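Each remark here refers to the structure printed beneath this line.
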Amino acid sequence: MLEASLSGNSSHSSFLFGGFPALQNHHRLLVLVLLIGCYVTLLLGNCALLLVIGSVASLHSPMYLLIASLCAVDILVGTTIFPTTLLSLLFNWDRISLSGCLTQMFFTHFLSSLESTLLLAMALDRYVAICLPLRYNKIMNASVSAKLLLFALFRSGSVMGTLVGLAGSLWFCDSNTIRHCYCDHMALVSLACGDTERNRAAGLAVIICFVGVDTPVIFFSYVKILSVVLRASTSGEDRWKAFHTCGTHLMVMTCFYLVGSVSFLSPNINIPPDAHTFMGLMYILLPATVNPIIYGVRTKEIRNGFLKIFKVRAKKLKSMKVKVSPAGKGKT
């Protein structure tokens, strides 16, 4: 791919996505398998979960509302990167303005950090439910849920707004090819001229603020939960239910943080550009695709809710067919 260069006294106003240079002749296959396959699964799975949680009154508890929020964030974060990546691979429309790049960067990182905060809130919700069951309804009420949501939005918005603002103040006078298929912070900063220490320090601070804070709190919450469950004189069925519910949340969290860690470390490893781009895509698409599958398969209440909706719709469809049937049909 050709790289545009400007003179040393001007800055680029637009950029090109590097994408998958080694797979130039297989872009349509990539679109079919990687993007449409993942994205369609992401949309169907998360929308189905939102439908079930929204339709079944028994699922309107804090835990399931947090799962619904996670589904909404997964849909939005996938949609943030899908259009530009699809257009780039299908039609080679791989140019994006600096303002467009910064906007995409903000929403991508904002939504990813919001997902981290939601996973933290889910761990705290399970901690209160299992370790302080008698106080659960008092602690996890509508007011606390609203405050948690506002805190998550404020933390992600302020931190990512600062990060993107610093990136927007940089001068880009060398290559204008972003070695990625969407606008990632470090991929853009690596193209800047001059000193980028502030930006790299801000990127590290963001990782510490979210992964460095959220992960230990989540870890210690589940250690405490495990300790309480093992010491409690509850029946084997109740103990298994607690382990099963927490295990489901841990699977989702492990997927998110593990893929995110690999994606973060990949620029520091000597791997082909295509592999780095693939890691970046998986960081966004893989957790968002598998989350509804994990919750849908492993959560009995959600499975029952889905079956309930399916049966209600089937009954309505059957009754409609009976109403439109000819008057004498079926008589002997």
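Backbone N, Cα and C define each Cβ position, glycine as well.
Annotation source TrEMBL lists domain 'G-protein coupled receptors family 1 profile' at 45-295.
Sequence annotations record features per position, and here TrEMBL assigns transmembrane segment to 29-52 (among others). If you look at the transmembrane segment (29-52), the same-chain residues 6 or more away from its ends with a CB under 8 A from one of its CBs are 20, 23, 59, 67-68, 71-72, 74-75, 78, 82, 85-86, 89-90, 281, 285-286, 288-289, 291-293, 295-296, 302, 305-306, 309.
Here the transmembrane segment (64-86) has long-range neighbours at 17, 19, 31, 35, 38-39, 42-43, 46-47, 49-50, 53-54, 96, 104, 107-108, 111-112, 114-115, 118-119, 121-122, 125, 145, 149, 181-182, 252, 281, 284-285, 287-288, 291-292, 295, 301-302, meaning same-chain residues at least 6 beyond its ends whose C-beta is under 8 angstroms from one of its own. As annotated by TrEMBL, transmembrane segment applies to 64-86 (among others).
The feature transmembrane segment is assigned by TrEMBL to 106-128 (among others). Within the chain carrying the transmembrane segment (106-128), a Cβ under 8 angstroms from the stretch's Cβ atoms is held by residues 62-63, 66-67, 69-70, 73-74, 76-77, 80-81, 135-136, 139-140, 148, 151-153, 155-157, 159-161, 163-164, 182-185, 206, 210-211, 214, 217-218, 221-222, 224-225, 245-246, 249, 252-253, 256, 260, 283-284, 287, all 6 or more beyond its ends.
The annotation transmembrane segment is assigned in TrEMBL to 148-172 (among others).
Among the features that TrEMBL reports, transmembrane segment is placed at 204-230 (among others). Within the same chain, residues 109, 113, 116-117, 119-120, 123-124, 126-127, 130-131, 155, 159-160, 163, 239, 242-243, 246, 250, 253, 257, 260-261, 264 sit at least 6 positions outside the transmembrane segment (204-230) and bring their C-beta atoms closer than 8 Å to a C-beta of that stretch.
Through the fold, the transmembrane segment (242-265) approaches residues 70, 112, 115-116, 119, 122-123, 126, 130, 207, 211, 215, 218, 222, 225-226, 229, 234, 279-280, 282-283, 286-287, 290-291, 294-295, 298-299 of its own chain, all at least 6 residues removed from its boundaries and within a Cβ separation under 8 Å. Feature annotation from TrEMBL assigns transmembrane segment to 242-265 (among others).
The transmembrane segment annotation in TrEMBL covers 277-297 (among others).
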Problem - Taken over the domain 'G-protein coupled receptors family 1 profile' (45-295), the model's mean pLDDT - result: 86
